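K.L.:
Starting off with a structure, shown below.
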């Protein structure tokens, strides 16, 4: 080990950072470290900060922060592993990847983790100490070898990996048990594999994740930022037994990849629980009975049900005996049953303390724009989307961001699910985001206008309006206000803005009329030259406050009724239509009832334009004569429709191309668009709904005796990738690329007969988009048989052509 010719060892250590780029850093917006050892510089770019960090000699620079508006750079000796992380405005944290890693690549020559015990458990001696062993490798001799404190290192390129001198006088040195990084091999089921293997086990080249050719799919990289879906590298984004990819062979949709298992043990798991927290992925109790009383099948057995959720495929998921577990990210722990007629079911696991199940389930924001009073500290609405459209992280979750704003630490702040809140008195409600690169953002909420208004709570929604009496109608913004050109010149706290050309009280060189000539930096008006997602801002005339945001209202849409935006907010409903929940009247205003000319309801449909309805082609099998049908819009009751509902006949029928189960109905006259009748939005051509997106089905269909018919019902269903849906145990290859699946695989209901032709509607950004037409399924609410829907995005050209030419 240390008996080689040390004279040449310096060749092994290139200057840290030489040739590096920002790709070697982890970036997190809105995060700041509490660091004692740091230096501050003036810097206008992140590249300048990086150069300062690489040149630092007084301490090892592990991270830096760049403050854009302050033109400031702070380089630091610590990172998020050794220092607490705080949320902060206008800062981007950059941390060197090498110092965040707790694993080794190859022989660990570049390992810079903090393990300080040997394989046998002996504490390491500090590299700078001379006792009990005089070291041959010391920080002074090898300054670039990372010989800090008593951390395990490999300064001599030992093939056996990192080691250290020990504190045992009888044992000079010993190797350390540093786990291998998952860039050359995989631990567990390869969920964290980040290597570059890009061929399947049969040798087929992988299809890039951001491509939809030759196979269209739902795993869109931008929708899964934490899954590292880069290039065409093998990955495991969905809880499979091992990494896989879509293939470049049109005849072979997907295949597993041959990733070798790491020889070292996997990193230690999180705390193992005897109760249910979140989705129960860390549950290790001994309950072995399902909710309906079926005894669980042993995980290592293939009778009565064959499966691949075995201990061999999921070695880190605790698949012991026949205990309920959640190896694949389902809603809660489950098991295969010993009943041949019931493949799998959820288990009844008691919750941990006061935590409720599914607290990590991401909820969508309401379409009706909620508002808040004051700073929003008493806001109790259900918005869960940030101002830039990112989904909020649940307050009880530590993924992807570790934090201390938990329900236990702030019991009076109503930190429920992932709803926007203001537990710390910021300027408005905010949340941590589901994007690993953006720690937090303010939420997509407006301040309530007017006086004497009451505080919004979870049961009340209000539509904010612009106070045109105090500000001209043009003094409002769209989106983040990058194009705002109004004359507001005070911050949210009422402080007067500093002129953009002024250098007092705050000096600045970046955001001036000369450097940003097209940003409208006139006078001291609020502007957003850097595209800040939190909106327009300005430097302030307060010497102690460099900058602050301005309170600019959102512009009211010129359209009275936008597609996909109901005037009544749909309720959050955890059930399905079978045994599901009743919809709020008129919360799905595009839903139509397709009836015979005698008034009998037999199918659903979706209004997509004032004179056009989309439904299923099989709903029109009883007659090719348009006069045989009529639609009713704006109703909630199936029988005895409300007086304000609209009954309109059908003038023409258009069935989809190539016998697709989709059809357009042209109405005798345009529907009157009002607060009870609003069209749904259409998706873009060939858009793919990401896997596990929560969508909604509505209808008056069969509830199998679980609730009375007559009122419109709704159900929430996750989209399932066709690759999964077509497995033998589910729909066995029946689902086409022009169709999509949605439902719960563990056997609770979805849409049923009577809902045919109705919508599968998904929330996107700030509106509901029609992604599917209810088409078929194997029975109703049968276990392992999700519903199948025509993929509307595949027929956008056909829809547009029919409507344009007729």
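Even glycines carry a Cβ here, placed using N, Cα and C.
Annotations for this protein, taken from Swiss-Prot, read as follows:
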DISULFID  53-61  disulfide bond
DOMAIN    102-181  domain 'Kringle 1'
DISULFID  124-164  disulfide bond
DISULFID  185-262  disulfide bond
DISULFID  206-245  disulfide bond
DOMAIN    274-352  domain 'Kringle 3'
DISULFID  296-335  disulfide bond
DISULFID  324-347  disulfide bond
DISULFID  371-448  disulfide bond
DISULFID  392-431  disulfide bond
DISULFID  476-555  disulfide bond
DISULFID  526-550  disulfide bond
MOD_RES   593  phosphoserine
ACT_SITE  618  active site, charge relay system
ACT_SITE  661  active site, charge relay system
MOD_RES   684  phosphoserine
DISULFID  695-762  disulfide bond
DISULFID  752-780  disulfide bond
ACT_SITE  756  active site, charge relay system
K.L.:
Using C-alpha positions only, work out which of the disulfide-bonded residues 61, 206, 335, 448, 476 is nearest to residue 262 (disulfide bond).
P.N.:
206
K.L.:
Hey, how far is residue 206 (disulfide bond) from residue 124 (disulfide bond), Cα to Cα, in Å?
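P.N.:
About 44 Å separate the Cα atoms of these two residues.
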K.L.:
In this structure, which of the disulfide-bonded residues 61, 124, 245, 392 has the fewest other Cβ atoms within 10 Å of its Cβ?
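P.N.:
Minimum Cβ neighbour count within 10 Å, taken over the disulfide-bonded residues 61, 124, 245, 392, occurs at 124.
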K.L.:
Cα-Cα, whole number of Å: residue 392 (disulfide bond) versus residue 371 (disulfide bond)?
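P.N.:
About 17 Å separates the two Cα atoms.
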K.L.:
Rounded to a whole number, how many Å is the Cα of residue 371 (disulfide bond) away from the Cα of residue 756 (active site, charge relay system)?
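P.N.:
If we compare the Cα positions of residue 371 (disulfide bond) and residue 756 (active site, charge relay system), the gap is 37 Å.
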K.L.:
Specify the secondary structure state of residue 371 (disulfide bond) as given by DSSP, simplified to three classes.
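P.N.:
Residue 371 (disulfide bond) sits in a strand per DSSP.
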K.L.:
Of the active-site residues 618, 661, 756, which one has its Cα closest to the Cα of residue 185 (disulfide bond)?
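P.N.:
Ranked by Cα distance from residue 185 (disulfide bond), first place goes to 661.
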K.L.:
Using all protein chains in view, find how many other C-beta atoms are within 10 Å of the C-beta of residue 335 (disulfide bond).
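P.N.:
The answer is 27.
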K.L.:
Just give me the nearest neighbour of residue 550 (disulfide bond) among the recorded positions 53, 335, 476, 618, 756, Cα to Cα.
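P.N.:
Sorting the recorded positions by distance from residue 550 (disulfide bond), the top entry is 476.
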K.L.:
Take the domain 'Kringle 1' (102-181) and count its residues per DSSP category (helix H/G/I, strand E/B, coil), listing them in that order.
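P.N.:
Reading the DSSP string over the domain 'Kringle 1' (102-181) gives 0 helix, 13 strand, 67 coil.
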K.L.:
Residue 335 (disulfide bond): which of the disulfide-bonded residues 53, 124, 695 have a C-alpha within 10 angstroms of it?
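P.N.:
Qualifying among 53, 124, 695: none.
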K.L.:
Going by Cα-Cα distance, which of the recorded positions (53, 164, 618) sits nearest to residue 347 (disulfide bond)?
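P.N.:
In terms of Cα distance, residue 347 (disulfide bond) lies closest to 618.
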K.L.:
Given the model, what does the mean pLDDT over the domain 'Kringle 1' (102-181) come out as?
P.N.:
94
K.L.:
Run through the domain 'Kringle 3' (274-352) and tell me, per DSSP, how many residues are helix, strand and coil.
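P.N.:
Here the numbers are 0 helix, 16 strand, 63 coil.
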